[in-house]
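Quick look at what Swiss-Prot lists:
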type: ACT_SITE; residues: 150; note: active site, nucleophile
type: BINDING; residues: 12, 13, 34, 78, 120, 314; note: NAD(+) binding site
type: BINDING; residues: 149, 150, 151, 180, 209, 210, 232; note: D-glyceraldehyde 3-phosphate binding site
type: SITE; residues: 177; note: site 'Activates thiol group during catalysis'
């Protein structure tokens, strides 16, 4: 079964996801909608400062984009209702504009003929969120879903492994997060977040994150037990979660590492990674796992109170799981 996908919004996630989709024979991207023209879409797809040049053939003929010989329909519609996804029999629309963040707004894609929609951000309403390795089993055919955030995709699988085995009593999370497109290169106006308006090139910027609270939505047993903050740092890609928890069951740090290592080779094999190497952030650039546990970076105060460190490529890891979710929901009518 070939899954036919349309992308609405060709930003960082849209482009990285497009690249990763080329490696999956069961996924075909048939259309891209963005406000930029086909020439600029081709340029941004071909060249990437973080992930390098596109490994494939890109051709424009008569204002039409062809990638590796396959035609990609390019449109420039502001209103998703006008996208005519039905003409291409689109199975899943990847809603990656960062604008249509509710079921009501994203339903316009359904009205345009798409069968299902994945929002690539935490929703601003009660649209259900699904995280691979955590709650895919709760999907029952909803037409519009969210893949949560990149940080939630790192934190939730790790928290699930720990909670299932040791029962988390409470915890705090910090994500040290690479720069994203919403930040300013030099100091600028940011009424909603004054610190967020400061130069991303020169500062470590304290910020908020809903990732820890979102874990309580995909793992209800942890609802109200986790919260956290973020620091935006001047690196281009790859982020890291620092999770400090108090567990009910006693275990040494070494015991906990072994449980995570086991999960990385079994139930969480394509989600969680495990390393004992002396790694740094750039070592994970391009990694499609969403939570790579760093055994040498964590520690414990005692047998109930531990600090866990897990890396994630906030672009590739997340985008790969959007594709996984696309494959999964397409098996439901």
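Here the Cβ of each residue, glycine as well, is placed from N, Cα and C on the backbone.
The DSSP secondary structure for residue 232 (D-glyceraldehyde 3-phosphate binding site) is strand. Counting Cβ atoms from all protein chains shown, residue 78 (NAD(+) binding site) has 9 others lying within 10 Å of its own Cβ. For the pair formed by residue 34 (NAD(+) binding site) and residue 151 (D-glyceraldehyde 3-phosphate binding site), distance between Cα atoms is given as 25 Å, rounded to the nearest Å.
Comparing the recorded positions 13, 150 on other C-beta atoms within 10 angstroms of each C-beta gives the minimum for 13. Shown in sequence order, 152, 175, 177, 211, 230, 239, 314 are the same-chain residues outside 149, 150, 151, 180, 209, 210, 232 whose Cβ sits within 8 Å of the Cβ centre of the D-glyceraldehyde 3-phosphate site. With a 10 A radius on its CB, residue 314 (NAD(+) binding site) counts 26 other CB atoms from all the protein chains. Taking residue 149 (D-glyceraldehyde 3-phosphate binding site) as the reference point, the recorded positions whose C-alpha atoms are within 10 Å of its C-alpha, out of 13, 120, 177, 314, are 120, 314. Nearest by CA distance to the residue listed as 'active site, nucleophile', out of the binding-site residues 12, 78, 314, is 314. Counted over all residue pairs in 12, 13, 34, 78, 120, 314, the record's binders of NAD(+), the longest Cα to Cα distance measures 27 angstrom. In the three-state DSSP classification, residue 177 (site 'Activates thiol group during catalysis') falls within a strand. The Cβ of residue 180 (D-glyceraldehyde 3-phosphate binding site) lies under 8 Å from the Cβ of 12, 232, 314, each of which sits 6+ residues away along the same chain. When the record's D-glyceraldehyde 3-phosphate-binding residues 149, 150, 151, 180, 209, 210, 232 are compared pairwise by CA position, the greatest distance found is 16 Å. A straight line from the CA of residue 177 (site 'Activates thiol group during catalysis') to the CA of residue 151 (D-glyceraldehyde 3-phosphate binding site) spans 9 Å. Between the CA atoms of residue 209 (D-glyceraldehyde 3-phosphate binding site) and residue 120 (NAD(+) binding site) there is a gap of 16 Å.
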